[in-house]
């Protein structure tokens, strides 16, 4: 197998198929250990015959409860909790007790449980991770492991890994440096890879790279679970990352997707640029966010009219998300108009903490901001920029709450029949404006989407349903597409394909409610369609290694997806 990698003894490299062997032929000695194994435990759902065959008689109460009944009971229990963090802990406990039931619950109740296992509740979970830490999930690689990273990877029990989500905890959501406690993010993201994208749980590996933290509160917290030292930077940092990336390829081969998650700006862009040539890497904050937002914009064109190139874009926030989205919009525009990307960027303006990005500031700007510094007089505030540039689309990625003020939104509504307003910062408290503010201040004309979920809004007798521009629409399907095609690199055109595939799945019925994203209830179908488009693009670009190319990629994607129904054991 190219680039090292492990022997594929069970044919597990075939997309994300399940093992075709009975696990206990070599591993389960007695019933008690079976009940302690989350992957094979079914709780009270073991049949009489299974209880006899696997030495479970007497270890369980006599009743036999179906998976449906177990699910009903758990949802009833979860709804009793008034504190969201208690729901999160209950879900994590279930994942460690009965994996299939956890995923069944998540898939069948995705709209209700997504905010529990992911944003916004996962943010609070990371802040308190040291206090609620029970059992290790994923791998912790710290500065202490320098020189031994490959050995650490070999300690993970699974040999066939398809997706790794890795963080260094420096910029968790909008909450800042949470150090080692950022592990909640890779764990949460990978449970969505399985639930929403159908990648097998055993093929997913969450990793936290602990290089210290600059968060004084954590350094002084007796329950903190990470290294008690300031963050390593420069050479020390990059050497550890280099060793990690080399070890990953050596241990798992060319086709393992490494998703960088919640790295600070200065490292995120560098790591993506450095490793995208040699590894299969993806940064969800830069590329995933961009792909979802682009899909929302493509869908909103059906409401506001015109093409991407007919609109003018203004961003508040010029970090990973802002510049990532801006760049993808420019690429998509360029692709459909045959205009050079440089010219397309001129339609896109960004405001950072010091004001509008303009030519006269170019020398002092970070490299990723420079392409968007255009000729214009300097402007200090967002309101000035809005009044001067008159954008048709306003996008917030600033991480600062309530920055889309009444004046800003009224200005947008004054020169646009239907202003497009995306307030994307997470969690809810950091959102640039609420759904209610957007609809009320624009007098019901805004086409609105947000990063965190908002309830529908009643305005002058009409109900508006805000769209949620959630990365969970794209990265699970994107990852599945990469896995089923055996892609060896990520290309920007694959991200554009994902955006177009998502935008195509918004129905007229969704638009009538004001939605520019499809409901999450269909997410597995959406993911299969995205996977098919992404895989098709990988084949077209010659980046796919799984040959021959399947005739019907949507059917193939669906056939590869993990399903959490209980298996019968003989």
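Every residue gets a Cβ built from N, Cα and C, even glycine.
Because TrEMBL annotations are produced automatically, they should be read as predictions rather than curated entries.
Using a 10 Å Cβ-Cβ cutoff, residue 118 (active site, proton donor) registers 24 neighbours. Residues or ranges marked as active site, proton donor by TrEMBL: 118.
As annotated by TrEMBL, active site, proton acceptor applies to 189. Under a cutoff of 8 A between CB atoms, and with a sequence separation of 6+ in the same chain, the neighbours of residue 189 (active site, proton acceptor) are 118, 165, 206, 259, 261, 284, 475.
Cβ environment of residue 171 ((S)-malate binding site): 177, 262, 263, 264, 265, 268, 285 lie under 8 Å away, each six or more residues apart in the same chain. What TrEMBL records for 171, 426, 470 is (S)-malate binding site.
As annotated by TrEMBL, domain 'Malic enzyme N-terminal' applies to 95-276. Along the domain 'Malic enzyme N-terminal' (95-276), the predicted structure has mean pLDDT 96.
The domain 'Malic enzyme NAD-binding' annotation in TrEMBL covers 286-539.
Other Cβ atoms within 10 Å of the Cβ of residue 470 ((S)-malate binding site), summed over all protein chains shown, number 26.
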